[in-house]
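One structure is given below, encoded as structure tokens.
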DNA sequence: GCAGGTACTTAGGATCGAGTCT
DNA sequence: AGACTCGATCCTAAGTACCTGC
């Protein structure tokens, strides 16, 4: 369990690899990164510098003029460039000309200039050819925005935080909820704090006062009862507690596929051996001979037993959880009690990365108090470490938002305990994010014009930057930071795309200049998309790929920090990810406008909302594995629909006969009967429709996850405004947690809100 | 520029548990 | 009442971004 893993790098079968102490990892990084090395790239660049379409030469004068203009308009143009331009200029011009000559020779000259691609077809979502049309921000300089100054987002009715700071956090302990045996939803009289009506901190201070109770540690390991045995090579073997605990981690995962994977087993076994006593280590040399069967069965039985517990027992557990939540789940920040997101420390276990992770199966160490850094204010009551232990450190840094941190042993990265999304500190940031995206909306046309211009640049790095930015904008790709090879699964984003990730088709299915993307993105989710691009982009891609190996970087002169530096110059606060936020939100708004019709009833409107949401999810490539029970649940729904249809037919029949009856009898009673039958038919029709809508929705959603975009990319004010406009209760769109997170938006957005 | 480190957001899957169905 | 279903919540990995010090 515990312990120091960095000692003896013992003689394990697979043991030659340095695995822990991350300080060592650079050792091979160097080698592995060779192929990306810039030396190589520079040479390559030199040899073909300026390679470009034919029309560049004819445009040259024009372009230079354009450039001049550009500079004036946007004085900042590019400091980075300025620095390097001079020294490279001559060299470049030379090779540029050569290149053009070459181009003509090899018949690579381009047909006449092509105007920009159709604007309404700007987005190309992966997988689905469905196009997410939207106008390109015709409403760019919407009058509404003008008066608002960016900085004054919460201009509205700024009270001052100062005020209640002065009251100094007496606030008392949270009044005991102890007494509530029966849930009476005794919501505190303290009505919700509207932090969005207060002034914000500037200058990077995140809080003035912070007090909390520290983390909740994982429960200590409980050794297995003696009847649960472990066998090696068919023989019973009693393991030391440390080795046993690690063995149970494996046993618990036994029916998971990855315990069959070589890397997983290798990593596990190596780390497991480190926890063994030397006798154990001498004896246990082959994982294949280990029999975890009894352990595994024991845990299965345990979980069955847990399910079978009586109401009272379950209630007991629930209450205990509630107690812990009340005690540790909140902190006091600047006079307000705020919910903590993850106050429980991650328990030890076997690391499961996503995708093809080189470290899968490694032992994730148990975190102890001496690993923990506490952050709180000086004048607060510092949380007590468990008896007999000490914190690693207590600090008072109000320039950060975290309450607790520790370093995790797999990648050596830092983990944090932070506040819930409903908290002021998270909410403000979220709000700000959407404000930045809205500012982008105002200047996106200019930026687009600029990068299109840059496709013609004579500098390779500028062209690459411009093409990459085009992808980020058009396809909502992620930035694509560099990663350490061999430390994580091999995934990429825009800037880290490699030649092997795209294919160029001058002509494909009747479209010209098609680029096919096929790569693994974040979380090893596949991005597959075929998209027609502008000719100039296409030609540039050909140029970027010339003389490269499949595993060379497509944008060898670019990385995220160069790109972001450039973006920063185009707009204050602009980074690559802002495009994702912007495009997601603007797409939602535009799709909602397009899809919602006044006549529809509420379920149909909600279907429209979900479709708009779905368009965004597709754009952002938010996929999910089809739920295991998908087919079945679809069938269930279908049979419900069938049943409802029958019911409707019956009801109609009855109505008909009631009508006939009424015609004959002409009395009040039979007329009433007709009326009520009519009502029944109506009601059933409605129910049927609701079911059908539900089925459509579910089917369309099979492999698409809406949650991520809803939670992270869509300006909630758009949704709130939509709800208000159409009289839809927000509860239909946002569940309780979501409403908590977006309380600010729900409170402030009116039905005419425009992103 | 670049490597290393830190802080914070975004992400999909596992698990939980309330509600519904039989 | 027990089985089942499905959305909500939990979990924590995997991104982005930016800072610092050379």
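Our numbering is plain: 1 for the first residue shown, then up by one each step along the chain.
Cβ from N, Cα, C; glycine included.
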- TrEMBL tags one of A:244-271, A:272-299, A:300-327 as coiled coil - which one? A:300-327
- Task: Would you mind giving the whole-number mean pLDDT across the coiled coil (A:300-327)?
- Result: 82
- Query: When you measure from the Cβ of residue A:713 (active site, O-(3'-phospho-DNA)-tyrosine intermediate), how many other Cβ atoms are you left with inside 10 Å?
  - Reply: 25
